[in-house]
Number of protein chains: 10
Amino acid sequence: MFSTETNKNLPPVTDILFKQKKAKGLSFEKLGELLGRDEVAIAAIFYGQAQASPDDIKKLAEALELNEVVVANDLGGFPDRGRALEMPPREPLIYRLYEIIQNYGLAYKAVLNEKFGDGIMSAIAFSTKVEKETDDKGVDWAVITLRGKWLPYSRF
Amino acid sequence: MFSTETNKNLPPVTDILFKQKKAKGLSFEKLGELLGRDEVAIAAIFYGQAQASPDDIKKLAEALELNEVVVANDLGGFPDRGRALEMPPREPLIYRLYEIIQNYGLAYKAVLNEKFGDGIMSAIAFSTKVEKETDDKGVDWAVITLRGKWLPYSRF
Amino acid sequence: MFSTETNKNLPPVTDILFKQKKAKGLSFEKLGELLGRDEVAIAAIFYGQAQASPDDIKKLAEALELNEVVVANDLGGFPDRGRALEMPPREPLIYRLYEIIQNYGLAYKAVLNEKFGDGIMSAIAFSTKVEKETDDKGVDWAVITLRGKWLPYSRF
Amino acid sequence: MFSTETNKNLPPVTDILFKQKKAKGLSFEKLGELLGRDEVAIAAIFYGQAQASPDDIKKLAEALELNEVVVANDLGGFPDRGRALEMPPREPLIYRLYEIIQNYGLAYKAVLNEKFGDGIMSAIAFSTKVEKETDDKGVDWAVITLRGKWLPYSRF
Amino acid sequence: MFSTETNKNLPPVTDILFKQKKAKGLSFEKLGELLGRDEVAIAAIFYGQAQASPDDIKKLAEALELNEVVVANDLGGFPDRGRALEMPPREPLIYRLYEIIQNYGLAYKAVLNEKFGDGIMSAIAFSTKVEKETDDKGVDWAVITLRGKWLPYSRF
Amino acid sequence: MFSTETNKNLPPVTDILFKQKKAKGLSFEKLGELLGRDEVAIAAIFYGQAQASPDDIKKLAEALELNEVVVANDLGGFPDRGRALEMPPREPLIYRLYEIIQNYGLAYKAVLNEKFGDGIMSAIAFSTKVEKETDDKGVDWAVITLRGKWLPYSRF
Amino acid sequence: MFSTETNKNLPPVTDILFKQKKAKGLSFEKLGELLGRDEVAIAAIFYGQAQASPDDIKKLAEALELNEVVVANDLGGFPDRGRALEMPPREPLIYRLYEIIQNYGLAYKAVLNEKFGDGIMSAIAFSTKVEKETDDKGVDWAVITLRGKWLPYSRF
Amino acid sequence: MFSTETNKNLPPVTDILFKQKKAKGLSFEKLGELLGRDEVAIAAIFYGQAQASPDDIKKLAEALELNEVVVANDLGGFPDRGRALEMPPREPLIYRLYEIIQNYGLAYKAVLNEKFGDGIMSAIAFSTKVEKETDDKGVDWAVITLRGKWLPYSRF
Amino acid sequence: MFSTETNKNLPPVTDILFKQKKAKGLSFEKLGELLGRDEVAIAAIFYGQAQASPDDIKKLAEALELNEVVVANDLGGFPDRGRALEMPPREPLIYRLYEIIQNYGLAYKAVLNEKFGDGIMSAIAFSTKVEKETDDKGVDWAVITLRGKWLPYSRF
Amino acid sequence: MFSTETNKNLPPVTDILFKQKKAKGLSFEKLGELLGRDEVAIAAIFYGQAQASPDDIKKLAEALELNEVVVANDLGGFPDRGRALEMPPREPLIYRLYEIIQNYGLAYKAVLNEKFGDGIMSAIAFSTKVEKETDDKGVDWAVITLRGKWLPYSRF
């Protein structure tokens, strides 16, 4: 996985969290249940891309058997999102997501403007989830849902 | 909207399609119903980012009152996807989508690998849609769904 | 000024609007009063960087003695913001604004996070204005105010 | 927060200052009062983006219970502004500020030239501040003010 | 060869694997036979660009006389493909491969579309091999074969 | 397909050749047979990426019912290879080929050096072909073969 | 010389001015005398990089026998400096100037900070000139003088 | 100041030289007098951007009370100029110098070609100096002089 | 060949010169003899990369049967070298030359510094030529010679 | 000289080789004689840009009084050429070589195609040398010769 060994933009805590998660045999889904958050948010916290509340930190430290103070030091601040991943992404899985924006970005804008008017879908007042579907031929499909508040441009 | 006036990578047919769509008062949703396709796919066709079948071309020409042969010439080949939009996108709405990949890309990979193993979510065997939700406070939310076949890496 | 002659990303209407504004001897301030909008918003409309309402278009066409239908065609859609200006800006005045973000961006984030928590200042639910101050030595100062809604990150 | 762990362009003193600030429970606002400077300037000093006077260094060392000589070594020179933050910024909060310049830069130039003539707003003879406003619906707004001396181009 | 000394994106295990391979006098071909995989896949594993199964790890550790647990730690996760090599490649051998795509990419697309319709050749459901041929003048030729599943675009 | 409308680096003759090929209902394969060349070479000639001999030009003009002199003017010089396609490619099909080099480039080098010594596989003394295979489940596979002369580094 | 034929960022008036200057056999030095400005400023006006006053425009139109209204339309606005020249410059003469900044930039900063304190040399309240010297061996030397107001950073 | 802490392209000796210069209370001007060189050249030597002669090294070691052998090891080779400063420079003072080239580069070329013919001003057979002027209003001005040998293009 | 059709940085005269050269059946070598210049210089003039003297223009116009005044207008100014070719070059032949600098640049510097001291080989006081050699096996070799004046750094 | 201190892409052995070369007072020319290779090749080996044969390694270790096994470990593999030098080069001497390609690249291609047909000059089957000439005025000239096998494009 992406680690601090080859990715200098990741916080050192990333490696510790992944190591303990593996040692404890915990999935992101399970951690999500323990913290009352989505599994994508948990993974984002691991990479320093989402904020952990004091309660999240306490539960995470317990689940991963880590020192709460140490975890709090590493995760307790305001995250510096956006720097962990180089863009354009070179990792094939993430590139496919990037390619979807590249290919359909104009179409999304056209449809969103038509449905909502002049504005944007927020990436802040926002949640996302990943689901697995298996069709009747036994083929797996990944379904990613992006849900953001619509923000109309202020008139000034 | 994005037009060929300021975007030299768009095919000339883009302007014609948008002009006729406006003149006929047709929405992407309505066009989608007429062609039996999703409205995002219709918008992608407008920008030269998705392939139109011969039947799509026929119906589109009828709906927009355009010459079928002309439309076929412009839309009937294999699209050159990916060049119409500059990356990173500077348009704020599209940037927010890009930012979601930038911020959550690593988390998506971690969760997808955990759920599916080593592979990617296809952007080719893929569909997407845009929905509008209004919460009980009257606030609008945009929901974008990405659904792609899971492709495991071949062992060789 | 920036014109379509040397900037291929500007919409053709930009030149027409500036030419008529000069011919009619109108300032952005005056146009702002006529439309009930801030002068910065007016200038942004000229460059295709803000949306003009049907009423704005009507008033603008009157003030500049332009054909309302033509103006509506050019300004009546959803703007494609962000592409008109190359970044980093090379024009010295605009570079100074860019440099302020470059030099103080980290400090703004630190202070905003301290005051508001984890989130962003919206650039969409947003207004801005430019003021001129003259100090007691007769020196002019430019004052730019940026005002955006605070959006906290959703917990998910 | 942005730290030297993941940002190799920050001076090592950044981490020490933030750590002590947290340990002492001091806000940028409080430190600003102690030094007679704006809180944004204090945060800029923390990131090596503004110069601290000998008196600032003395007061800062006292407030944060750090060795004055050490602080003086780290902060007493001429800052190398501009290198701490990658541009374009990927951090969402700072990106929004960057986007404001990207979207409204041309409009600011048009309005400033109209009001002041040919010249620039200085980013050196310059001050800035951040304020929090809450509207009658209880919504928070961030207000950033940029104030710079107007410099007309010399005729030569 | 490419090593972690001069390439910070390579995982530390790369150097260890190459050192032991040399010490044991093993070729990629021989390792491929031992693991039942192609030699290109073996080299890709060395550079952290392909996944090693638990069985691969066991056999690799045996063949190279390395501790299985250590190898498992380094190679047992999901690889972060694509980051080890800077693009465009500056190394002459790899540049030639890149140049082939640059020069013949459009031609490949035209021929593939003609033969298969609208879609892509998968780089995931994919295998590759390298062969050596010597012509009757004693000149050596390298033959690289790329074989990928054809994925047609979904209609949606 | 890639056309001069949206790709300013393509020679004008590209559009003419594709139009006539379509009008005459000729495949690259058929044209390849007529000229005694591989279909990939024919497509490369269409995009100005390979040289056409006087005899090729004559046959091509005949097959496409174009004026031989005009074709000779456009295709008779030394091609300026490499500029027609932007790199990294954004078109999904071509990106997959690029990604193969990105992911396996280091592995190809390691294996080629082991098999051949210090040198490169020529992209000049080089040929390539595209084949279609259908497996017993009815799935189509694309097979691309790259064959280049091995050039050892001169000792000097 | 740099012309609009090959440099799309130059205003069309550039070609007209250079053509007339040549036709009238006027040097920049002579034009500078006529307008009471430095020859570098004159050349900068030719390239749309400096502002011409109404009086400059009148004198320039007379000297070059051009229509004053046309010149006023082209030169009478606020210049968009900085976009005419690509950076880094590829033209050898201009590259040498760029290289001087690249090689001595840090040294200039160190010396200027030592002499003046924390601040910048203005490029706005600024003048420059070019002189020719011939040493006693008959060798020509170019001397460029840069003179800017020193702006100390505001304390805030 | 620019130090090796945040600038990995600076030689380690830079920090030592600056530290000793500060400890000894020596200015670049004073060091320039001691070595018989300009203060800008001294600062360039500090940053590894100019060559120090054996005699320079001896005098510098004496003045700064450093071991001559150590200084000779660090400064005695051929400098690798140009890599210490990132371009475009982000530091505001140095950016202003860069902006001067950006804005006036075309004008300098036009004037120099007119005065000297086809050639360049050498940046190698070159000297530079920084002077401080104070006008009658007490305002400080920085004056930078660039003096280079004129090199005409060889005819061949 | 490189033409203005696909290369917008080439002067329009390039196409005319190449067309007439072909029509007259003249080689660069022959033109070089006629003008008393090297064939590489002639080709550089064709691409606007070298200056043609009034006498060169006269002879060139005669040889190519072009109007001398027209040629003088296009070639008679000071060339804007360096912009005609994109760097890094994508054309395979030119890339090989670029690669030689990339691979051996450090070695050239080390050897040149050892032989000549601190300085550069001028690219202005410079000539170059291309020769063809055929070895005893009938293999052709291209030999390019670069000859430039050595410029030592001025001591200042 | 370029060292691993400031250039992270150089192999660690570079520093050791240069240090010993200096300690032993050996020139590249002398080392070239000892190994029977050109001095440029020796310097390229020092920077990890050319392959050293087992015999080269033995002789080099002897000449520089280094441990043969250590040198063999560092130099005995297949070099990763091309990554040691950043392009475009910022070092002035190397930039001049780069500039020659930039300015004359198109001309070289035109002349080489005319002399040899469609193909390239190999940079692999290639040798190069540096010579010093002194003209009758006592001026030194550097002469660099590039000699590569001509490779015609295969017809396929």
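Each Cβ is built from the backbone N, Cα and C atoms, and glycine gets one as well.
Over in TrEMBL, the protein carries these features:
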ACT_SITE  I:ARG96  active site
ACT_SITE  I:GLU99  active site
ACT_SITE  I:SER122  active site
DOMAIN    I:22-71  domain 'HTH cro/C1-type'
Sites among the active-site residues I:ARG96, I:GLU99, I:SER122 close to chain A [C-beta, under 8 Å] = none
Could you round the CA separation between I:SER122 (active site) and I:GLU99 (active site) to a whole angstrom and send it over?
-> 20
Reduce the DSSP letter at I:ARG96 (active site) to three states and note it down.
-> helix
Subset of active-site residues I:ARG96, I:GLU99, I:SER122 within reach of chain H (CB-CB under 8 A) | I:SER122
Within the domain 'HTH cro/C1-type' (I:22-71), how many residues are helix, strand or coil going by DSSP?
-> 33 helix, 0 strand, 17 coil
Across the domain 'HTH cro/C1-type' (I:22-71) the predicted model averages a pLDDT of 96
Secondary structure of I:SER122 (active site) (DSSP, helix/strand/coil) | strand
Contacting chain E at Cβ under 8 Å, from the active-site residues I:ARG96, I:GLU99, I:SER122, are I:GLU99
Among the active-site residues I:ARG96, I:GLU99, I:SER122, which ones place their CB within a distance below 8 Å of a chain F CB?
-> none
Tell me the Cβ contacts of I:ARG96 (active site) under 8 Å, same chain only and six or more apart in sequence, or just say none.
-> none
Within 10 A of the CB of I:GLU99 (active site), the number of other CB atoms across every chain shown is 22
Let me know how many other Cβ atoms fall within 10 Å of the Cβ of I:SER122 (active site).
-> 22
